[in-house]
Amino acid sequence: MTAAATEAAVRRRPGHALFARPELGSVVGAVAVLVFFAVVADSFLRPAGLSTVVYAASTIGIMAVPVALLMIGGEFDLSTGVMVTTSALVSSMVSYQLTANVWVGVGVSLLATLGVGLFNGWMLTRTGLPSFIITLGTFLMLTGLNLGATKLISGTVSTPSIADMEGYGSAGALFASQLTFGDDVRLRVTVLWWLGLTALATWVLLRTRAGNWIFAVGGDAEAARAVGVPVARTKIGLYLGVALCAWILGQHLLFTYGVVQSGEGVGNELIYIAAAVIGGCLLTGGYGSAVGAAVGALIFGMTSKGIVYAQWDPNWFTFFLGAMLLLATLLNAWIRRRSEATA
Amino acid sequence: MTSAETGAVAVPSADAPLLALEEVAKSYGNVRALHGVSLTVEPGSVTCVLGDNGAGKSTLIKIVSGLHRHDGGRYRIDGREVRLGSPREALDAGIATVYQDLAVVPLMPVWRNFFLGSEPHTGRGPFRRLDVRAMRAATRDALRRMGIDLRDVDQPIGTLSGGERQCVAIARAVHFGARVLVLDEPTAALGVKQSGTVLKYVAAARDEGLGVILITHNPHHAYLVGGRFVLLQRGAMAGSYAADEIGLDELTRQMAGGSELDELRHELRHDPRGEAQSS
């Protein structure tokens with residue numbers, strides 16, 4: 001035994017592995033929120049209530065998971081909320097204006113949304129500016145573009161309905177269908193997307209080379225580059241992942257209602273980031289988990305609907321969101337001090 | 001790597017040194033950071049590059065490891081002239097660099113750091129995945145061979161001491177079949193005991209047949225393991241000596257600035273005996 005080995009053995013504490021899990025804080029929080037609303041709101045734990053809660057969680061989770069991966073990779077994206085709306089608008093507009101099968105619009109929307117993600121990632125890696133600034137720019141531009149272009153083309157702030165167009169049924173089945181079990185248990189297809197994306201993201205993070213690279217470029221981009229990790233390619237890939245998920249959620253919104261309100265989505269980017277942070281992602285990058293972000297989304301889903309079931313003023317939701325965020329950040333800072341303590 | 005070989009003129013020969021720099025130069029804008037620096041690295045030998053802060057050591061290391069392209073002179077690997085465009089090209093040519101600060105990602109587990117950038121795969125198609133079991137085992141074995149017995153390769157590498165981290169980085173380079181190991185100030189931030197441990201691994205790597213470039217400003221550490229000493233001063237070469245051509249005292253004196261040190265001593269000492277000693 002060398003001195004170094006003895007030191008290493010002494011430094012290992014029992015229970016360290018559990019404490020090192022990034023999603024620990026969010027799981028504890030989720031259980032607390034669940035118990036709280038189960039007590040104060042009668043209908044919360046009924047099948048209909050839970051169906052609604054899980055659906056709300058899924059529409060946040062579909063974005064929170066890729067945003068978490070991006071944050072682990074050390075970057076922000078403030079344009080995610082309006083990007084979802086942009087994606088839905090492009091599908092709707094293209095289909096309606098060309099009087100084409102809606103799948104044409106859906107395809108064009110995929111390319112356009114990936115284009116926005118590529119723009120974010122390319123600008124970041126080419127200019128070296130902070131992603132906060134670049135995506136703030138994208139956020140503002142898309143916000144204006146969504147409203148301006150919609151008004152210019154359709155004369156109002158919402159799109160004309162495409163519900164009677166060819167292909168609406170099959171696209172709706174993929175993005176906005178629901179399964180009903182018994183009388184009141186409804187499972188929205190977004191829940192499957194949410195769980196599927198969480199599983200896929202977890203697999204990528206923990207069991208693939210790309211996942212190793214994501215942790216590395218967020219933890220120390222210079223060190224990663226020095227050992228041969230393609231830093232720019234990894235970061236651009238993360239922005240494309242965010243865009244892909246924005247497309248999925250955008251199509252869901254479109255095929256749920258048939259119309260899109262062009263002013264929607266503003267502010268949602270912060271909810272996605274908050275869910276990722278509550279799930280254990282460090283704002284400085286290099287640490288976090290997809291499962292944590294999914295649990296963070298569940299907390300927000302439970303809260304937003306729980307407040308309604310408890311018959312409180314829904315405005316309390318944002319207060320709660322802020323309080324959870326602060327608590328989670330404090331917990332994250334504490335965890336980091338424990339796991340990063342250098343000799 | 002075609003881009004690494006562009007401009008190749010020399011035919012590789014069996015007896016060419018592993019790595020050779022000939023009159024290499026590098027400027028950043030108008031600032032001439034390095035000029036006229038030559039050195040060779042042979043298998044199983046340690047070439048020490050000594051110099052004060054700002055002497056051009058970092059620039060030299062960046063050229064050798066592929067972070068920067070040199071803009072004058074020649075850089076040969078196995079006698080073949082190269083212009084490395086990225087650290088990946090340097091790694092593919094067998095040149096591994098252990099940086100003082102950016103050798104590892106602190107929050108990542110030891111085993112993930114060990115294989116970062118060269119991760120082994122198992123499985124096919126969509127089931128292609130990291131060979132986690134093999135990665136953990138290989139990390140543990142490679143470290144044990146270097147005399148570090150980590151029971152938990154899952155701990156974040158940031159929890160290891162500075163010396164241990166250096167050793168992990170050296171073990172990583174040896175494991176991946178590096179032929180040339182470039183060490184940037186490996187003992188700069190370490191205590192006496194940990195420095196000794198790191199130097200032991202430098203010697204171990206040398207004895208395994210690797211060519212080592214050891215960058216340091218500590219002549220005592222250099223003299224313990226070095227076979228050749230290259231002195232840098234203000235971006236230029238101030239001397240190059242084999243170990244049997246120069247003693248530790250002379251090396252220390254040259255390293256500290258030679259005649260400049262004599263002048264400084266003169267200024268600092270009011271005692272007249274100081275003048276007698278300084279000659």
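We number each residue from 1, going along the chain as drawn.
Keep in mind that glycine also has a Cβ here, set from the backbone N, Cα and C atoms.
The structure displayed is predicted, hence computed values, not measured ones.
Listed in TrEMBL for this protein:
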type: TRANSMEM; residues: A:24-45; note: transmembrane segment
type: TRANSMEM; residues: A:52-72; note: transmembrane segment
type: TRANSMEM; residues: A:103-123; note: transmembrane segment
type: TRANSMEM; residues: A:129-149; note: transmembrane segment
type: TRANSMEM; residues: A:187-206; note: transmembrane segment
type: TRANSMEM; residues: A:236-258; note: transmembrane segment
type: TRANSMEM; residues: A:270-303; note: transmembrane segment
type: TRANSMEM; residues: A:315-335; note: transmembrane segment
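The recorded stretches the transmembrane segment (A:270-303) and the transmembrane segment (A:52-72) share 3+ CB pairs below 8 A when only pairs 6 or more apart in sequence are counted, and are therefore in contact. Outside the transmembrane segment (A:236-258) by six or more residues, the chain places 59, 62-63, 65-67, 69-70, 73, 75, 77, 80, 83-89, 91-92, 106, 109-110, 113-118, 120-122, 124-125, 161-163, 168, 171-172, 174-176, 189-190, 193, 197, 210, 214, 264 with a CB less than 8 A from a CB of the stretch.
If you count C-beta pairs under 8 angstroms between the transmembrane segment (A:103-123) and each of A:24-45, A:129-149, A:187-206, A:315-335, the highest count goes to A:129-149. Sequence-distant contacts of the transmembrane segment (A:315-335) (same chain, at least 6 residues past either end, Cβ-Cβ under 8 Å): 19-20, 22, 24-26, 29, 271, 274, 277-278, 280-283, 296, 299-300, 303-304, 307.
Of the Cβ pairs linking the transmembrane segment (A:187-206) with the transmembrane segment (A:24-45) and spaced 6 or more residues apart, fewer than 3 are under 8 Å, so the two regions do not touch.
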